[in-house]
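Some features that Swiss-Prot has for this protein:
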- 1-37: repeat 'HEAT 1' (REPEAT)
- 45-83: repeat 'HEAT 2' (REPEAT)
- 168-206: repeat 'HEAT 3' (REPEAT)
- 397-434: repeat 'HEAT 4' (REPEAT)
- 436-474: repeat 'HEAT 5' (REPEAT)
- 703-742: repeat 'HEAT 6' (REPEAT)
- 846-885: repeat 'HEAT 7' (REPEAT)
- 999-1037: repeat 'HEAT 8' (REPEAT)
Amino acid sequence: MHDINFNILKDRAMDVDPDIRFMALEDLRKFLQDESAASTRTTLNQSLENFFPILLNMLNDQNPDVQTQAIKSFEPMVKYLSNETFSKLVKKLFALVQQNSSSTGNVTGMKSFTVSVPNIALRSLFAQSNSRDKSEFVSDKLSNSNYRFDPHLARYIMDYLIPQIVGNPVTIDSIELLIDLVTEIGYVLTQDELLNLSLYLTKVALTETGLIGKKSMVALERVVALVRTEVVIDKLLAQINQSIEPTKLFVIFQLYSVCLKRGIKPNSIDTIYNTITSNLNIEATEEEDDDDLDFDNLVKENSLKDEALTTLIDLVSQHFLPVESKNTVIALIKSYVNYNPLAQDEDFIDDEEDDISFSDDEQEDDGDGENDGSWKLRAKATILTRALLKSFPDTLELLSKEVLPVFSFADSNDQVVSEVIKSSIAIVNSTSPRDSTNVSELFPIIAARMKLAKETQVPLFLKLVESLNRFDNTSLVLEVFKIIKDRKLITSGSFDYLQFYSSTLKFHDNLPPLVIERMSSDFIKNLDDKSFNMITDSIKCLSLLFHQDSLEKLDAIVDLLIYKVENSKQYPSDLVRQSIIALGEAYGRADKQKILNVFKHSIEYEGTSKTTIDVLTQIYSTDIPSEYSYLILKKLSTSIMSSTEATSVASLLLMNKIFERLPSGDYDDTAGNLVQLLAVTNKANYECIFHILIKLVGTVLQETHRAPLLQTIVKLVNEGKIEVADNSFFQFITTACNQIPDLYNFFEDGLNLNSELSAKILAICASQNKLENKIMERREEFQNYYNSNINDSRLAFDILFLGYVGTHIEVKELDVQTLIGLLSNSQLTNDDNISAASTALGLIAQKHIDSAVPIILNAYESSEKTIIRGSLVDSLSIAADACNEDQKRVIWDKVFNFPVEFDHEVITELKKSGELLGKIPVVDELTINTDNLKTTYLILVITKSLLNNLQATKVNNTLLDSLIKSSIEWLNIVNIDIRQIVVGNLLTGLHSKPDTILPILDSIILPKIFDQLQAEDSFKKIITMGPYKYVLDEGLEIRKLCYEFIYSVISLENAVIKKYNINLEKIASKIIEVGLIDTQTDITVLACINLTNYIELHKDSAVELITRDGGNAFTTMINNLKKQLSKKLSAKASTQDSESHQERIKSIIKLSKKFASVVEAAESIELAAAIRVWNEYNNDLKTNFTIYYNSTDGV
């Protein structure tokens, strides 16, 4: 938009024609909302200030549209005004507000209860910003006028307005303005100022009535929300407690609730609790006869009790209720859940007696005949039940036995019934299916009530029945359906009933015919509903319905589903896909040919192809005609080449299933596409592809496809994409050998002969085709190297080749004793040859397991060299796959109990031993208490293996819990290797077995991790190099692992962090205190990375952290970062040192840039000193490290 001429704007704004005045303001608003206006910001400030008098005058415009437009004109201009100009505008508007309040009061003699026009305009200036990102309105979040006030300006405004608001008579204008001020810029108020403001608002609430009193309570809620200390809450409550009078109790309870909901536990809980309970005594009321009741007094008493119960709910919900008061609260609940002092008899709430007609104003109680408000007390008592159960789960039994049976299910008030059902559901959901006695008493109550309940209440009772589906409630379900039938309720087309059906079907495998009949009829109607959502949700339920035994209307339902698929253009794609899934569920019981015909067509369309393939994979069996399979295969031959990975994989799975049942044949197109796919597909799909290729071996190895396939295989093998354990691949190689006699020669020429994989391939080829000459060549080579140079690099391949050949035929040159002798030869130093020999020994041992294992174990026990024992353990790991339980126990006993002195030299051996034992664990010996470091380390390695591989069962989880808790204590052992594996296991467990780690994370694990963050002298070694001495910090790797663990903790989802009460502020504090002063550059970088991650994921927590204790953590962080930046690079620094130095600076700058947003959000007077230091630090950072600062991304 072009610039605006303010001289013309003024003339138009003062025109006699209201339409012109309106358009002038509209043009101004559009101009201010245009981003290009920012380019004229310097001059715009003055122009807008000059326009103020006219705009202020227009607030009194006689035309309401112009007046409204004038009000709207203030908010967009805020971001273009200087602090000085904005302050002037606030003063002018506030003067108009005061003038309006004064004139209104003088004329009427009463306080106005409407907000003045100037006040609306003034408040619009603050509706900008700090709360906008939390607003429920999208327009707020996207607003171009979103603007954050400068803290100094916010402070000035508060200092100007708050004294005048507090120092003058209270009005609706002043209270409404105060609410907005506190909400938007209240962050600048100190705790003392918040206390004073709270005391003022408390006084207003206690002295004012009507709207002003209510609004003062709203303002107090906003103020208390900013309170961060117990001191303020306690002082505020002290004033409230001093004001307790019988006439003020109604407001007192509301004030209590405001303080309690802040979540900071006060010292005066007993006083609050006693005040509440002393006003909830109903004995006196019960003793009076109905004729003696003062109705007006009763209404007042009930209203006060309503507030008392509300406050008690808040107290209990915040977990502030003293434990010893639980039973008293339960007694109160029992007293009030059926409280009705005007009841004539026990059946006062029967619908038949509700014969009094009320006006609309009298209907609020919806059931209390005299409108005494007692229904609110019954509802609140019921809500209190849920709050108590949540805070004290151990009250479940009492609530189930004493409260649940007396709930007012038949209450004449709908709100009470709703709350009763919610609380009943809470009790039922907390009850174990093993303890169903108490909840089963609900069955007859529900059945009886559903016969008489209003039709609108029936869905509420169905929710309660749903919660009982976890128990054996088939009799109740049947009774409910009988009632529905007898009452002739319309249940089709209702999401409430559909949800009930879904839950019932989910928990009951064999429902009575009456139930299934009713459900089926409704499903048939729902499938023709006008709402696509109703149809889709109904179809999802059909998958459960089709598993029921009694289902007479199956064919009718299937026909409707078929219609949906055949006429797919009439319906949303998700609805059609759900129909296909449901047809798959019905396939086993319906007309199979009809369903197969539908799938034959739906597989052709892109929107339904993937779903159809998935369903066909589930239902495919031998009874599907071969002709149909051929048709589907033709489609799959194309879809396996889909650019969509999911479709390609699904097609492969179905194709594999079909080929398992089809006879051999000519599948040339399929074979060609599979060969192409093999070259480009994901590694995870190899197994399925080779399974299919085995079935197509006759076709795929014909001249057309042979060369591309074998070349692809060679490429995949040489690139390491095939694994030694890929059984389907080697099955294909074995099958292919029967088709191609010279396959050995092809692979020998193409494969990299330095890998175990190549050795295994060639061994299979040689064995399958009985190529004795090839085997003899390798035997002779082995003998030659064995006798001349056992460290020749070519020996490894020969050993592996003969080892794999030895799994098929006897190779006399390579028996168990020979391989053990080779491994024991002190001259064998080539690592590849050692590895090859241990692998071959394991392979040979598998074939002769009974004789080989004792020989290997004997060699293991007699060897004095750790490298030899480690190699023999590798062999046993391979052989163990063929061992029986007795043999595994022998291996365990020998290896686990082998005596060896624990030091760093045997770590590799112990790792191998632990990995072996992890495959064959003896649980009893894992849970022993030991001081032996070797045993400790072995258990830790075994634990790591179990964390990665153990299936989650109750027994296994108990074992892991025990192992983890034991290992945490081992962090006290001063040994680098042990500490490293303990922290590594905790990290592994956090990812693979979080249910084991998370419950003890904050209370047990993190304190131990924090202990490891400090560099320890016991892990430091002094190394002398010429005239210089260097300190080697061997504990560095432990600290690195700890920071990796902390990073994973910080990255947990917020729901997990909240569930397990993980204290993020404490974690961040430890990093600031310890990590940012670590002498090792790597740790400084990791500390910065962790803090940056913390800010990105948990900004609110970071704000909370730096505002605590007067900003101590904030100040510590600044000082520690300064210390890091003050470190200079040595003149003799190496290239690596220079790179580390640069990385440290960049990480600090990135953290500082990220931290700026936290500082901005936390700005307050209390942090003023720390923020000044921060600004100085930030300026120095930009000045001293300009190049790094400009090149480092802080977003």
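Every residue, even glycine, has its Cβ placed from backbone N, Cα and C.
When Cβ-Cβ distances below 8 Å are used as the criterion, the repeat 'HEAT 7' (846-885) is approached by residues 806-807, 816-817, 819-820, 823-824, 826, 834-835, 837-839, 891, 894-895, 898, 900, 905-906, 908-909, 912-913, 915-916, 919-920 of the same chain, each at least six residues removed from its ends. Long-range contacts of the repeat 'HEAT 6' (703-742) within the same chain: residues 668, 671-672, 675-676, 678-679, 683, 686-688, 690-691, 693-694, 697, 750-752, 755-758, 760-761, 764-765, 768-769, each at least 6 residues beyond the stretch ends and with a Cβ under 8 Å from a Cβ of the stretch.
For the repeat 'HEAT 4' (397-434), DSSP puts the residue distribution at 29 helix, 0 strand, 9 coil. Using DSSP to sort the residues of the repeat 'HEAT 7' (846-885) gives these counts of helix, strand and coil: 34 helix, 0 strand, 6 coil.
For the repeat 'HEAT 1' (1-37), DSSP puts the residue distribution at 27 helix, 0 strand, 10 coil.
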